[in-house]
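Colleague: My questions all concern the structure below.
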Amino acid sequence: MAVAIDGKRVSEELRKELKNFIDERVEKGLKVPCVSSILIGNDKGSLFYIKNQRRICKEIGIEFKNIVLEENIEEDKIIEVIEDLNKDENVHGIILQMPLPKTLDEEKIVNKICPSKDIDGLTDINAGRFYKGEKCFIPCTAQGIIEIIKSTKESISGKKAVVLGRSVIVGKPVAQLLVNEDATVTICHSKTKDIKSLCKEADIIVSAMGIPKFVKEDFIKDGAIVIDVGFSVLDGKMVGDIDYDNVFKKAGFITPVPGGVGSVTPTMLIKNLCEVFK
């Protein structure tokens, strides 16, 4: 039987540390971080995320600003807003809410964010620095996954890890972070043959495929750490990539959906912001 990893608890512990850091700065009369969010249109998921981000910032003591732009805004106007924020010395982090409207060039717009304010770690410059092993901002979900694995107190070093999915935001960066922790990592994707046999050898499985209940009990090695990044709606219920109830019987540790990785990601964003001042 697995231990369910409580992402909310991991997030709360991180937020306490960050609040202590901000409280110390306030006591010393030092500048408090400010993050500016840009929302284009009115995507419901983004609106929920912004509400949650604002709450976390308020709890920690960080200034949060939200800029809302019309969905049909011209690309040049968005870039102008970003460049103004780049120049603003009182803004220390910029979040561009995804997804952008399909009419916009996402890569072009993202790369207008100053790398030193790109706390989401999405710009090409931060990506290049990350894979070269240089100091930079790292995508928050990938960072959160490592934080969750470490919360189990199990060593990552020397372990076999399988990452299901190769996205630039989750799959690839979490694989690199696991390598940095001295794990031996295999990345699986839609063209990988016999994913099950690869998973059965893994001490750590991170699934970010977006296929509901793809990972079954017979994929799992006894005692494995299973991290579910997937998010789907099945029969009106929110589910992940892992067949949770059955995998729970065999894994050592497992994250639920909801209440797992998604609870930690927003806090990692604020941790990145605070790193600017360290």
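Heads up, the Cβ atoms here are built off N, Cα and C, so glycines get one too.
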Colleague: Looking at the NADP(+) binding annotation from Swiss-Prot, with Gly165, Arg166, Ser167 already listed, which candidate in Ser151, Ser155, Ser157, Ser190 is the matching residue?
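Modeller: Record source Swiss-Prot; matching candidate: Ser190.
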Colleague: Whose Cβ, among the binding-site residues Gly165, Arg166, Ser167, Ser190, has more other Cβ atoms within 10 Å than any of the rest?
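Modeller: Sorting the candidates by Cβ neighbours within 10 Å, the top entry is Gly165.
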Colleague: Given the recorded NADP(+) site (Gly165, Arg166, Ser167, Ser190), which additional residues of the same chain have their Cβ within 8 Å of the Cβ centre, ordered by sequence?
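Modeller: Close Cβ neighbours, site residues excluded: Leu164, Gly171, Ile187, His189, Ala208, Met209.
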Colleague: If you measure every Cα to Cα distance among Gly165, Arg166, Ser167, Ser190, the residues said to bind NADP(+), what is the biggest one in Å?
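Modeller: The two farthest binding residues have Cα atoms 12 Å apart.
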